[in-house]
Amino acid sequence: MPPPERHLLLARHGETDWNAAGRLQGQTDVPLNATGRAQALALAARLRAEGIRAIASSDLSRARGTAEIVGGALGLELALVDADLRERGYGAWEGLTRGECEVRHPDAWARHLADPRTPPPGGETHDALLARVVPAVHRVAERLASPALLVTHGGVIRAFLSAVLDAGPGGRVVAPRLVPNGGVWRVRLVAGRVIGAVALDGIEP
């Protein structure tokens with residue numbers, strides 16, 4: 001008998017005040033704002049028909065708060081919280097807008113724009129991000145009943161999809177605009193291998 005197909009829904013957290021202001025958050029713990037809490041409720045309504053059986057999240061409050069709101073609406077406890085699912089560390093750029101990054105660190109910003117794998121000053125490298133994120137997402141898929149929901153961060157979702165779907169140079173299969181606050185991607189796995197991914201609105205990488 002072939003191994004069963006498992007589904008993992010990857011959702012980005014709701015909005016924070018820093019999201020609204022265009023500030024890079026990274027691993028700074030910024031909570032949901034009122035819009036973000038409303039987005040979490042809308043996410044729960046959107047997922048009600050999916051038959052979610054378990055929920056996991058990053059340990060940062062914007063992701064955990066989103067997961068708890070969704071879980072409350074769906075009658076599910078938060079089953080797993082993992083610090084390895086945090087957003088990429090942006091070092092000296094955390095709390096800054098992109099314009100401020102360009103003014104304060106013009107050379108580093110230019111290198112990052114040319115190749116997003118280039119780390120910010122004092123920040124996390126792309127390889128380090130992948131080294132913690134890819135195994136962490138697979139742990140969730142293996143430990144939680146399918147279909148499961150993982151609430152995490154835009155950079156985490158993009159990095160994971162880039163790695164498992166073989167993005168090639170640049171490592172950006174999924175553009176940031178395709179992972180909005182409250183956005184969801186469905187990942188299909190068989191025997192621990194990703195066989196497909198699609199946004200719930202139908203966008204495929």
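Cβ atoms here come from the backbone N, Cα and C positions, even for glycine.
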Co-listed substrate-binding residue [TrEMBL; alongside Arg12, His13, Gly14, Glu15, Thr16, Asp17, Trp18, Asn19, Glu87, Arg88, Gly89, Tyr90] among Arg46, Arg62, Arg117: Arg62
Glu87 (active site, proton donor/acceptor), number of other Cβ atoms within 10 Å: 26
Neighbour count (Cβ, 10 Å) for His13 (active site, tele-phosphohistidine intermediate): 31
Integer Cα-Cα distance in angstrom, Gly14 (substrate binding site) to Glu87 (active site, proton donor/acceptor): 14
DSSP three-state assignment for Arg12 (substrate binding site): strand
